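Feature list (source: Swiss-Prot):
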{"type": "SIGNAL", "residues": "1-30", "note": "signal peptide"}
{"type": "DOMAIN", "residues": "46-218", "note": "domain 'Laminin G-like 1'"}
{"type": "DISULFID", "residues": "CYS194-CYS218", "note": "disulfide bond"}
{"type": "DOMAIN", "residues": "225-391", "note": "domain 'Laminin G-like 2'"}
{"type": "CARBOHYD", "residues": "ASN274", "note": "N-linked glycosylation site"}
{"type": "CARBOHYD", "residues": "ASN284", "note": "N-linked glycosylation site"}
{"type": "DISULFID", "residues": "CYS363-CYS391", "note": "disulfide bond"}
{"type": "CARBOHYD", "residues": "ASN397", "note": "N-linked glycosylation site"}
Amino acid sequence: MEKRDSVALHWRLLLLLLLLMPPPTHQGRALRHIDPIQSAQDPPAKYLSNGPGQEPVMVMTIDLTKISKPHSSFEFRTWDPEGVIFYGDTNTEDDWFLLGLRAGQLEIQLHNAWARLTVGFGPRLDDGRWHPVELKMNGDSLLLWVDGKEMLCLRQISASLADHSQRSMRIALGGLLLPTSKLRFPLVPALDGCIRRDIWLGHQAQLSASPRTSLGNCDVDLQPGLFFPPGTHAEFSLQDIPQPHADPWTFSLELGFKLVDGSGQLLALGTGTNSSWLNIHLQNQSVVLSSEAEPKVVLPLDVGLPLQLTLDRVKVVLSQGPKMEVLSMSLLRPASLWRLWSHPQGHLSLGALPGESSSASFCLSDFWVQGQRLDIDQALSRSQDIWTHSCPQRPSNDTRTSH
């Protein structure tokens, strides 16, 4: 009996040791799961987008004669499938490098005297989790690891950094230092994402807090979506979005809500001279449909159910699930409605109208027009503080103001 108890004890100790063993290593370092939530011990994460353009959030200049380690590393997270993580060059004409995302996969574009190439590789990384990335120059070769696994090895693509004819290199985060037209395959530079623990050829990036380079959405729990903080807006030309059906004339759109807070403008149809022909406002967890001086209709809002707006020749219908409110076209001067689509300044706007004071913030899971998903990158103009592919999990003081 004692022998059986002793054997059982040994097995339990062996099992405990196995459970306590460190995980497999990559080049002597333990691989670790990166939690998507920033901990108090981590350095502040940097938001990678400066708005809809290609301007980087920061630019570093590194002296190549003082590099001790040809090695860079960082962690990033995003729900955005396309954009620039970082760009580097010694000159914009014939020696530049880009690491970004396209369709959620990493993509390298490289242009120099030794090689000109574009390569996409690895799994999709637009999953909202932190992913560690490492790059190392080894002579004329570039090696890249993601999540502790070697993903890419490119040989004979460059001179070694020690033999480089140029003495300095620029590294830009979240943007480009050359026109997008000069890329081998153009992409949308703006990336709604965050980067942290970044070391660039032995140099740690320092980013001072400012209205344009704040922590943004890097210090909150995120979910995928399209987030409009208070006071932000996006405007689409009616000529650039899917057109109404002709016979019978109908136009429809659908908004999927994940989060709603505050009161203010949600959506408007109008022109440059009249931005309020048809309005939907958020007010006390309800949506209010109105048109100029006509009577308003109110629909209680259920977050999680799509909100649908349908227009035809005789009515405007606002519905959500089984609930429905109707504005009769006899009150709305139907000719004005049809002329919106032929007017050169006819537009559809989301969020606060320019110059309007609004406390409304909302997260959209989807935005459909005429049965087609509308991308925020199609907007004629938009506020730089819109989160294009992420939303906070819940409203908070941090997200009631812009980046």
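Using the three backbone atoms N, Cα and C, a Cβ is placed for every residue, glycine included.
Feature annotations (Swiss-Prot) mapped to structure.
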| residue | record | DSSP class |
| --- | --- | --- |
| CYS194 | disulfide bond | strand |
| CYS218 | disulfide bond | coil |
| ASN284 | N-linked glycosylation site | coil |
| CYS363 | disulfide bond | strand |
| CYS391 | disulfide bond | strand |
Where CYS391 (disulfide bond) and CYS218 (disulfide bond) are concerned, what is their Cα separation in Å, rounded? 11
What average pLDDT is reported by the model for the domain 'Laminin G-like 2' (225-391)? 88
In the structure shown, which of the disulfide-bonded residues CYS194, CYS218, CYS363, CYS391 has the fewest other Cβ atoms within 10 Å? CYS218
To the nearest Å, how far is the Cα of CYS218 (disulfide bond) from the Cα of ASN284 (N-linked glycosylation site)? 29
Tertiary neighbours of ASN284 (N-linked glycosylation site) (same chain, Cβ under 8 Å, six or more apart): SER263
Nearest-integer angstrom distance between the alpha carbons (Cα) of CYS363 (disulfide bond) and CYS194 (disulfide bond): 19
